[in-house]
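The Na(+) binding site annotation in TrEMBL covers Ser10, Asn42, Leu107, Asp110. Summarising the annotation, TrEMBL assigns transmembrane segment to 35-59, 95-119, 139-157.
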Amino acid sequence: MDAGAQVLFSFGICQGSLTALGSYNQYNNDCYKDTFVLCLVNGASSFVAGFAIFSVLGFMSYEQGVPISEVAASGPGLAFIAYPRAMAMMPFPQLWSICFFVMVILLGADTQFVSLECLMTSVTDMFPTVFRRAYRRELLLLCLCTICFFLGLLLVTEVRTCVFTMNKSGKKWAK
């Protein structure tokens with residue numbers, strides 16, 4: 001179950017991003033070749049990431065003298081608890097920490113770029129006469145970024161507890 005969820009998440013299936021970004025291709029683009037390359041690159045990067053993750057977990061397991069299953073749990077705890085602890089054990093911990101957290105920030109920014117592009121493409125295609133004029137797309141991007149910024153502020157205040165509680169109860173209610 002976890003492997004299947006990871007494959008669907010890494011490809012971005014059902015999130016609209018592939019469709020939105022693919023809509024900018026030329027009409028006679030070879031989609032079969034693009035799909036093959038996408039699957040190959042995604043699989044290779046997941047394979048390399050697995051080596052990176054388990055080598056760090058193996059290093060921590062060796063240093064602490066405990067089995068790998070006891071080193072860290074999966075999820076956010078792995079990225080924000082286990083990895084910083086592992087980097088503190090490595091030579092030049094400041095360098096590794098800077099590299100790791102810059103990578104996390106860039107991954108988050110990349111995800112936001114694709115999500116906003118998906119939303120912008122949808123809105124632009126729904127109202128082509130409004131947003132295909134000069135600087136309208138940039139204005140839409142500014143509005144979307146401002147809205148997302150203020151919605152994101154909810155997650156760094158005390159309101160986040162209420163937001164997460166409503167989200168959990170909403171999921172139970174929807175089932």
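For all residues, glycine too, the Cβ spot is worked out from N, Cα and C.
Everything TrEMBL records as a feature, shown here on the structure.
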residue	record	contacts (Cβ under 8 Å, 6+ apart)
Ser10	Na(+) binding site	Asn42, Ser46
Leu107	Na(+) binding site	none
Asp110	Na(+) binding site	none
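Under the three-state DSSP scheme, Asn42 (Na(+) binding site) falls in the helix class. Note: the Na(+) site is recorded as Ser10, Asn42, Leu107, Asp110; in the same chain, Ser45, Thr111 also have Cβ atoms within 8 Å of that site's Cβ centroid.
If one looks beyond the transmembrane segment (139-157) by at least 6 residues along the same chain, the residues whose Cβ comes under 8 Å of a Cβ in the stretch are 112, 116, 119-120, 123-124, 131, 163.
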